[in-house]
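What TrEMBL annotates here:
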type	residues	note
ACT_SITE	HIS20	active site, proton donor
BINDING	ASP28, HIS102, PHE124, ALA125, ASN126	substrate binding site
Amino acid sequence: MKKAALINSHISGVIAEMGHTERLTIVDAGFPVGDQVKRIDLALKKDVPRFMETLEAVLTELQVEEVTIANETKESNPVFYEEILSCLKKHNPKIHIREVIHENLKLEAAKSKAIVRTGEYTPFANVILKSGVVF
C-alpha cells in the first residue's frame, strides 16, 4: 500500500508522467472540464473534498514552478486567495504567481495533462500548476 500523503492512483499516475512545464489543473465543482482533457473527478458532495486539502495533497508529490490563478479569485475572496498562496509558498517559496482573467484560465486549463475536479463550492477555486524540476 502506498504510504505517501497522496494515495489517489489517477492523480499520482498523471504526476508521474509529467515533465517540466506540463500542467495539472485543480478546480471547483462548477468548473467546465469538457471532453478534450483527462478528467479526474473527486467530487462526492458539496465541499467534499475541499479544494485546499486536494491542493495540499497534490503538492506533496508535484514540484511546481508556476501557478496560474484567476484575478477573480482575489477579488471575490481575498482570504481564500491568500490561503492558496500560503500553501503554494510553503512548498516552494520561489513559486511564480501568474494572474489571468477567469475566461483565459478556462482556455489554458484545456491544455493541461489532467483536470482534478473537487467538491469545492467556493467560487473561482481553480489553479493551474506548472510542473517544475527537482534538480
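Placed from the backbone N, Cα and C atoms, the Cβ positions cover glycine too.
Residues ASP28, HIS102, PHE124, ALA125, ASN126 are recorded as binding substrate; their most distant pair of Cα atoms lies 13 Å apart. Report note: the substrate site is defined by ASP28, HIS102, PHE124, ALA125, ASN126, and the residues of the same chain whose CB lies within 8 Å of the CB centroid of those residues, excluding them, are VAL27, GLY30, PHE31, ALA70, GLU72, THR73, LEU105, THR122, PRO123. The Cβ of ALA125 (substrate binding site) has 27 neighbouring Cβ atoms from other residues within 10 Å, across all protein chains displayed. Distance noted between the C-alpha atoms of ASP28 (substrate binding site) and the residue listed as 'active site, proton donor' is 25 Å.
In this structure, the CA atom of ASN126 (substrate binding site) is 21 Å away from the CA atom of HIS20 (active site, proton donor).
If you draw a 10 Å sphere around the CB of ASN126 (substrate binding site), it holds 27 other CB atoms from the protein chains shown.
Sequence-distant contacts of PHE124 (substrate binding site), defined by Cβ-Cβ distance under 8 angstroms and a gap of at least six in the same chain, are ASP28, ALA70, GLU72, THR73, SER76, ASN77, HIS102.
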